[in-house]
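J.: Swiss-Prot lists these features:
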BINDING   Cys57, Cys59, Cys72, Cys75  Zn(2+) 1 binding site
BINDING   Asp746, Asp748, Asp750  Mg(2+) binding site
BINDING   Cys1120, Cys1201, Cys1208, Cys1211  Zn(2+) 2 binding site
REGION    1502-1537  region 'Disordered'
COMPBIAS  1506-1519  compositional bias 'Polar residues'
COMPBIAS  1526-1537  compositional bias 'Polar residues'
Amino acid sequence: MKDFSKVRIAIASPAKIREWSFGEVEKPETINYRTLKPEREGLFDERIFGPIKDYECACGKYKRQRYEGKVCERCGVEVTSSKVRRYRMGHIDLATPAAHIWYVKDTPSKIGTLLDLSAAQLEKVLYFSSFLVTDPRNAQKDGRPLRRGELLSDDEYRELRFGRQETYTLPSGTEAAVRDGEYVTRGQVLGGNVVSKMDGLAQYRFPRRAEIAYAEEAEASLPLPSDVLVQQDSFRPGEILAELEGDVQITAPVDGTAFLLDMGEDSVLVELRDSAAEDAAQGEVLARVYIPHGMNVQVAEGEVVEAGSVLATAAAGDRLRVSRDSRLSNVNFPKKKGDVKVTAHWTRRVEYRIEPQMHVLVGDGSEVRKGQKVVGAIDKEEEVIAEADGVITLHAPASIIVSKARVYAYQDEPLVVNGDRVEPGDELADSGNLRSEISGRVEIDLVRKQVRVIESYDFEAKMGAEAVKELLDDLDLDQLEAELSEQMKDNSRHKRAKARKRLEVVRAFKRSGNHPSWMILETVPVMPPDLRPMVQVDGGRFATSDLNDLYRRLINRNNRLKKLIGQGAPDMIIRNEKRMLQEAVDALIDNGRRGSPVTNPGSDRSLRSLTDLLGGKQGRFRQNLLGKRVDYSGRSVIVVGPQLKLHQCGVPKRMALELFKPFLFKVLEEKGEVTNIKQARKMLERYRDTRDSVWDALEEVIEDKVVLLNRAPTLHRLGIQAFEPVLVEGQSIQLHPLVCEAFNADFDGDQMAIHVPLSAQAQAEARIQMLSAHNLLSPANGEPNVKPSRDIILGIFTLTQLRKDNLGAGSEFANEQDALKALDEGRVALNTPIRVNGVETSPGRLKYVFSSPDEAIMAVDRGEIDYQDHVRIRLNGTVYETSAGRVMFRRLVQEALGAQGHLVDTLVNLDTAYEKDSLKDMVMACYKELGIEATAGLLDALKDSGFKLSTISGITIGIDDIVLPPNKRELLAEADEKLAAIEQNYEFGFMTDEERYKQVVQLWNDTTDEVKNAVFENFSRNYPFNPLWIMSQSGARGNPQQIRQLAGMRGLMARPDGSTIEVPIRASFREGLTVLEYFISTHGARKGGADTALRTADSGYLTRKLVDVAHEVVVRDVDCGTTDYTVMPLGTTDERTGEWRTRKGSEIETAIYGRTLTADVELSDGRVIPAGQMLSLEDVKAITRDAKAIGEVFVRTPLNCRVRAGVCQKCYGYDLSQAKPVSLGEAVGVVAAESIGEPGTQLTMRTFHTGGVAGGGDITMGLPRVIELFEARKPKTQAVVADRDGVVRIEEEEERYLVRIEAEDEAFSSKTPMKISKSLRLIVRDGDHVEAGQPLTRGAINPHDLLLYKDTDAAQRYLVEEVQRVYRSQGVKVHDKHIEVIVRQMLRYVEITDGGDTDLLEGQTVERWEVDQANDALPEGKTPASWKPVLLGITKSSLTTKSWLSAASFQHTTHVLTEASMRGQVDELIGLKENVILGKLIPAGTGLTTVREMQVADERTLEKYGQTSVSTDAVTGSQRYDDTRPSSTSINPSYGD
């Protein structure tokens, strides 16, 4: 026994992983190819994991056990057993944290749930495609504060961290549509068809042209005519100077060369320079004349003019005004009218082309000073120097940069440098007068004297598991719990559901003591090397476990990352390497869970990761923990052993020699045949030379032993039984023919396994509990499973059959003499039924009257009569009309019963021909009346006699034994006539094709039945002793369908889809099939083969699921004390006719046999069966007889039991395999699962097609229906059910019915009608009264609807009845209680509708007892939790179980282990599977604590200890010896010796 009672699973912290480890694995090397020794610091390092050779260090300095525990100073290896390499672990320290993929990819993701991230978001962070904000500080995004835990794309991160700027290239020669330094908005055109994608500051890059607008001014004269009056002293651009009344000319005041200065529009300033100068353009200015807009210039540039020459003209009515690009000031009016002096101001624009090697030194719109360098260049001559003060404008930039920035022009020194980060209000320049308005990064343009602050923020955001770990590290679970509890009060159901999921995870972490950050690995444990071995194969190559490849990949990447970090590699490379490390960790833990799996080089086989080692049929749980290979076992072909007793099996000598070797050694040593084990081993080495003394010793060894025989598949507990071994020659195991049915074995090459229970306790348990003779009744239905069959039935039936002659049948005679005379004359035969003096008899009974059975048997031996002839025999003073064979059979049974032979008449009826069922009833009667020993003896006697009789009867089949009925031809001709009529009606359009098809199928079904009846009538009337007929009638072999096909007609066949082919096979096998008929047959045959294969797999899986859901249900208490009961109706009343219909006897039996009554039942004979009594078969038969008067009985069922994870004896009732109250510790859950699953293969796969009838739908039947019910699935064709009690009101529309249910109280009537399609057939009429949950249409009811609209009881009864309907349709008998045990497990969970003041959350699914426990624990005045029942399918129910070990070994191993470790779940080891996995005794049967604590004592011991009284427990039948001492001793016969 292991000394622990609970097992807890939790997440390992990095510290715990290092604590497990014996050293760090730093290198990916495994073993040296030359020395074949492990490499240091590698995956097989002896310093870390221990020595390869027992008690020997790596260098060989220390050898032998005397140095145990010493660490070699040369090689560093500890001297110890090499077994340590199976459990010593290592570790790998990761260069960067990596997430555990189970907590990432589980649904819902545990890490994602805690951090409120979706699975996709979490994946983006972990695999380096998004940043996770770990510290937002004052960062803003889209005008709101950045949140912690928010995701940022690469671009978003760069924009927020370093500022966003985008460069837009303009096509060559395109003029910009915005100014340099202008703020632009998203969507604004920048130039050509280039549009800005963001708001921000636009800045030119590489302008191709620059234009400087120089501000010019000069004094000039404005000669106007005397009649023009100028009254202002200044004129603005565009202002009117004068309106002319007559023509005007302006003339040159002096001689000179004219130079024209453009002042915009057509206004000019004419400079007259000295013509005598060498270069007139450089000559002295003699005069300047201002010519306003509106005058026509009459002089050309560089023209020499004389004083008085016309410079410009204007016509009368013209307006003179100042040009728009100039203005006039200091207008002086002379005394003499006409010549006005003015100062003219104008802008002179000069354009400069900027080549690529040149660069602008000032910004667009900047003012320039005369002599200032405006454009720099490599070549000094290309530089642009300002000719005068002016303003520069830049044109045609190569590109425009738009950035989120603010530009500040400064005068004084800046107070910041490039790259500095500033916050709002920080000083930038001008002694603190210039301050930043935003957060950002500083860029200083010293040339333009600008400080540019690019909007960005100093915040923390990271990628990968490192970022996630930081958030998990900082999680405040208490605060988060408070926030989520608040969210649970939200009105939104969706928000509450989301909060509940998160709150469950938060509370799980709080209660378990796990820290959320442990879901991120800093250290990876390395499995012990002997669990991931590397072995040398032929050819010098190595075969290695996939894990080594995965570890090697991880170590390589880890080392490479460490190296790159040490070298200061670029961020991009390191990021990629970190992602690859995360993927390597993922592949090690669960290969293929994300992305494509890592495969073997050169093949498509994906490597088996740690997860693959656990899950699936070949995983650790199912392969190694639940199913272990055992020693002391053998396997061989089985052959029949007709000479064996029921409790015996034949074991080949050679096999026994090997199986019992240790015991044999001991006996040989005791006998002095050998002196030591070595000698004994040598003695047994050569089988052929084995001495007789060894065989004698072997006989002695096996004398009091039993062995277990097992045939796969073990579908129920009778698949393993104990037998006493008998040594036989040959190499085959011999099996008793009668146990074949339990094993489902036959002798066509079946093999069986044999096991030896080793300890005395195991031997005792096997002998008492598992001996074949002690398992005569089936646990599924309580009927004998060991019963005569095949040849045995044939022999006994032949013996006890009565011959019937037809010669002179029905003749009447006045007296016996006349009858005997007629016999002598041959008018009647010996066994002809005749009447003598009005009494029915036969000539044989008149002629042969024997005074004793011996006399009759002697007459048979003399050949006077046959065993089957009618005779009269005196027996115990009474004369019986019977046959010699029946008397002979009575004697056989009497001899078999031995000492109890006087009770033979309670078993044998001389009026019966013993066929299959009557023999079964006889075995059952013997079991009940005389017990196990007598029944086993009787069965052996029947076997011996049956085989002998069937042999000497000489019954065999020849082709002539298949007799065709004489009227078959007439029946077929009649059918053809009807067929012609149907076809004619169809041709005339009186019916649809569907109706024709249905009628044709029905016609041939009826005809086939008629032919079958004709076959049977022909056999029974004319050939009563026909071998084929005898075999069929006795139940030995062949059913009516097979006889029909042999001698009648094959009939209709099925298509592969299950529908019927309307062309029948008219021939029988005796006549032979035509080619077409043979072809049609092949359809059905193939479908049968395919169905069987599918059924076997589905049935096995169903059994596995059933065992899983119910394995913990064990009888744990005598009486749970419940007052609940279940009403079992014994019949139904037809609603329309009011007629009572009693249920079939077999149905009543499977419903109430072995149940505890909760109310008295009064029988018509005045007998009362009291409440509290368990119903025996006799009680059930009596109740069935009075079913109509009784109506219904009230019984306890497992559905009402209050015992947690089990049932009590009273609620369960009888153990059907013992026909007595169930024992404490009986694993009734497993028995239930096996009882339902074992016959699963017999169920059909068929979905009955209704031949395409509209609205008929497909009715799922057989195995798929059973699976559908146990999985609580929505049926394919679902019935609409009433949602309340009331009266049905139906309105008909074109395509549907509107159904409303009116309740008695108007307030409860349905407001909106149910819309029912006309394709669903209504089964209620307008005005019918219905109850909630009653179906309104054809189809199967959805059990969830029953639970919703009615109650738990209705759902339970429906599930039980529907499963039974399928089993009964196939003739399989299963007791209701087995189905109830499973249904109870499906309904053990509830959904919380309001948590009240408990810790339970709305929407949570928990076991019912948990809610009761939580509510009971509340102090007074607090609100208890409320709930509603939920129906879970068996798969869901198995996975929801409290036992994580059981759930993980069932399905979805990773999900179960993820959940359990997060919750720090404790397995209380209540069920069977958990204990099998841990190698503990299962808590059932003899392993149950209460049973193990019982002490078995004999009378003498009791007297010695002074016991005073003996009392018998009414329920268990166990005797208790009560005493004043606290440790009373009790005996339970079920487990005693």
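Using the three backbone atoms N, Cα and C, a Cβ is placed for every residue, glycine included.
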J.: Test of understanding: give the count of other CB atoms lying within 10 angstroms of the CB of Asp748 (Mg(2+) binding site).
T.: 7
J.: Radius 10 Å, atoms counted are CB only; among the binding-site residues Cys57, Cys59, Cys1208, Cys1211, which position scores highest?
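T.: Neighbour-count leader: Cys1211.
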J.: Give me the count of other Cβ atoms within 10 A of the Cβ belonging to Asp746 (Mg(2+) binding site).
T.: 10
J.: Taking 8 Å from the centroid of the Cβ atoms of Cys1120, Cys1201, Cys1208, Cys1211 as the cut-off, which other residues in that chain fall inside it around the Zn(2+) 2 site?
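T.: Near the Zn(2+) 2 site, beyond Cys1120, Cys1201, Cys1208, Cys1211, sit Asp1117, Asp1119, Thr1122, Arg1196, Pro1198, Asn1200, Arg1202, Val1203, Val1207, Gln1209, Lys1210, Tyr1212.
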J.: Considering Cα atoms only, can you say which of Cys57, Cys59, Cys72, Cys75, Asp748 is the nearest neighbour of Cys1211 (Zn(2+) 2 binding site) among these binding-site residues?
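T.: Going through Cys57, Cys59, Cys72, Cys75, Asp748 one by one, the Cα closest to that of Cys1211 (Zn(2+) 2 binding site) is Asp748.
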J.: Just to verify a number: CA distance, Cys57 (Zn(2+) 1 binding site) to Cys1120 (Zn(2+) 2 binding site), in angstrom, no decimals.
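T.: The separation of the Cα atoms works out to 63 Å.
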J.: What kind of secondary structure is Asp746 (Mg(2+) binding site) part of, going by DSSP in three states?
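T.: The three-state answer is coil.
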J.: According to DSSP, does Cys57 (Zn(2+) 1 binding site) fall in a helix, a strand, or coil?
T.: coil
J.: CA-CA, which of the binding-site residues Cys72, Cys75, Asp746 lies nearest Cys1208 (Zn(2+) 2 binding site)?
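T.: Result: the closest of the binding-site residues to Cys1208 (Zn(2+) 2 binding site) is Asp746.
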J.: Rounded to an integer, what is the Cα-Cα distance in Å between Cys59 (Zn(2+) 1 binding site) and Cys1201 (Zn(2+) 2 binding site)?
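T.: Just about 68 Å between their Cα atoms.
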J.: So for Cys72 (Zn(2+) 1 binding site), how many other CB atoms are inside 10 Å of its CB?
T.: 20
J.: Counting other Cβ atoms within 10 Å, pick out the least crowded of the binding-site residues Cys1120, Cys1201.
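T.: Checked Cys1120, Cys1201; of these binding-site residues, fewest Cβ neighbours within 10 Å: Cys1120.
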J.: Excluding Asp746, Asp748, Asp750, which residues of the same chain place their Cβ within 8 Å of the centroid of the Cβ atoms of the recorded Mg(2+) site?
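T.: Neighbours found: Ile638, Ala745, Phe747, Gly749.
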J.: I'd like the number of other C-beta atoms within 10 A of the C-beta of Asp750 (Mg(2+) binding site), please.
T.: 17
J.: Consider the binding-site residues Cys72, Cys75, Cys1120, Cys1201 and say which one has the Cα lying nearest the Cα of Asp748 (Mg(2+) binding site).
T.: Cys1201
J.: Does anything in the same chain, at least 6 positions from Cys75 (Zn(2+) 1 binding site), have a Cβ under 8 Å from its Cβ, and if so what?
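T.: Cys75 (Zn(2+) 1 binding site) has long-range Cβ partners Glu46, Arg47, Cys57, Ala58, Cys59, Lys61.
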J.: Return only the integer: C-alpha distance in Å from Cys1201 (Zn(2+) 2 binding site) to Cys72 (Zn(2+) 1 binding site).
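T.: Spelling it out, the Cα of Cys1201 (Zn(2+) 2 binding site) and the Cα of Cys72 (Zn(2+) 1 binding site) are 65 Å apart.
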J.: Find the shortest Cα-Cα separation between Cys72 (Zn(2+) 1 binding site) and the binding-site residues Asp746, Asp750, Cys1120, and name the residue that gives it.
T.: Asp750
J.: According to DSSP, does Cys1208 (Zn(2+) 2 binding site) sit in a helix, a strand, or coil?
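T.: Note: Cys1208 (Zn(2+) 2 binding site) is in a strand by DSSP.
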J.: What other residues of this chain sit with their CB within 8 A of the center of the CB atoms of Cys57, Cys59, Cys72, Cys75, the recorded Zn(2+) 1 site?
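T.: Not counting the recorded site residues, we get Ala58, Gly60, Lys61, Tyr62, Arg74, Gly76, Val77.
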J.: Rounded to a whole number, how many Å is the Cα of Asp750 (Mg(2+) binding site) away from the Cα of Cys1120 (Zn(2+) 2 binding site)?
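T.: The separation of the Cα atoms works out to 45 Å.
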J.: Where Cys1120 (Zn(2+) 2 binding site) and Asp746 (Mg(2+) binding site) are concerned, what is their Cα separation in Å, rounded?
T.: 44
